[in-house]
């Protein structure tokens, strides 16, 4: 188990009266005055049957306005479930949305959202998240990597814990849902169980984790938080430095977290103590919006390869070298990039597989392969000079590792052939390789059932099958898969936009995510 860090205790909002009536969330943060409507709900819930009868009699002679107000607060026979539904919705949707907005204001920049590993904003976010965890009845601590934990132990049951998490760091000029939604929806679901007096009914410990670093912006090293808990972070990673020459270890020590080689190793969770890991995350793509569904289950996270391609030719004067005599690396690079696009759009037309590459691999590539050239540079980069060298990057992702390796082999062969034909020198350097991570089938089925049940409760109708899709983006689940089985739930985002201030999730979809996690937790009782 991770060693708690002795940080100062955070202030707690009231566990029940913290913004549970939806109209209050449009104008206030979570720490403002509680709804008077809920106050009267509590008063009436404690009244005797005689008082309830008197209230009912009084309401019959009240004005239309009073009658409308009374319909929100009455807890008479037959109305308890409706009131509970409103309360749950207020926590899972309205309060969660308010908290997303509040956390989205915790930034290192005045003009945009920026919260990187161990920055001042990330330190300010820690007590805020801890306070929300404590509000949900969780015991909290901060570990030696700056991860924030909130845990509840069952009265009886298994010692193997269910971990639910996502990251609290952001990219530069970020949206407020990436990472934060997964943390807040889990906290909200557990708060509902606390309000209902059911936390103790869980059959295993549940631990919510807000990982300190997933994006890797500051140190160009992703998954610092989750990799430490999964036991896959090398000690040497502590010495990696940012642009200012500050190391990971220094950044932690500057914030009174005394990380050492020894206690980094102590952060690793014992696999026998963990039942599984679940992560809620915005899709960061357009599929759910396109199919018109708020939630989807992730079947796996794509494997990824990053290449650096360098093409060298003959540098010369733009006006004096005839076209037929040029060895132009720019036009050569352009042909390579067009080849990449063709291969990734129609992999079966280019793939020359060995016996390992079967029909399933070809189909998987056709459905999941994506390729991107994200950077390109020339030397000497002058308008009147034929370049001497062009360098570009390739990001290639697919759910099928066998297919990814086969495509890379065939792509490289064809690239070298094009360079030879053009009398150019070509080098292909592999900069990063990560295998795909598959979600646990049984855990995915449970999440799918929970999502289906949540959406049925929200709409009152039986919904179509919950979509199952691949994640092209990396997530903390990739690191946690080295520790335990993993499952992920995607939430629809507008236009598929992420890593942008235009990133947006509908309030009802925020509520759907929280309700799905609540349904999943109830299946763990």
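Our numbering is plain: 1 for the first residue shown, then up by one each step along the chain.
Using the three backbone atoms N, Cα and C, a Cβ is placed for every residue, glycine included.
Just one of 499, 504 is listed by Swiss-Prot for the same Mn(2+) 2 site as 178, 215, and that one is 499. Between the listed ranges 10-32, 33-55, 56-78, Swiss-Prot ties the annotation region 'Disordered' to 56-78. If you measure from the Cα atom of residue 156 (N-linked glycosylation site) to that of residue 167 (Mn(2+) 1 binding site), you get 30 Å. Each of the binding-site residues 178, 215 was scored by the number of other CB atoms within 10 Å of its CB, and the largest score is that of 178. Within 10 Å of the Cα of residue 499 (Mn(2+) 2 binding site), the following binding-site residues from the list 167, 178, 281 place their own Cα: 178.
Neighbour counts of Cβ atoms within 10 Å were compared across the binding-site residues 167, 281, 499; the minimum falls on 499.
Annotated pair residue 215 (Mn(2+) 2 binding site) and residue 281 (Mn(2+) 1 binding site), C-alpha to C-alpha distance, rounded: 14 Å. The number of other CB atoms found within 10 A of the CB of residue 156 (N-linked glycosylation site), across every protein chain shown, is 8. In three-state terms derived from DSSP, residue 215 (Mn(2+) 2 binding site) belongs to neither a helical nor a strand segment and is classed as coil.
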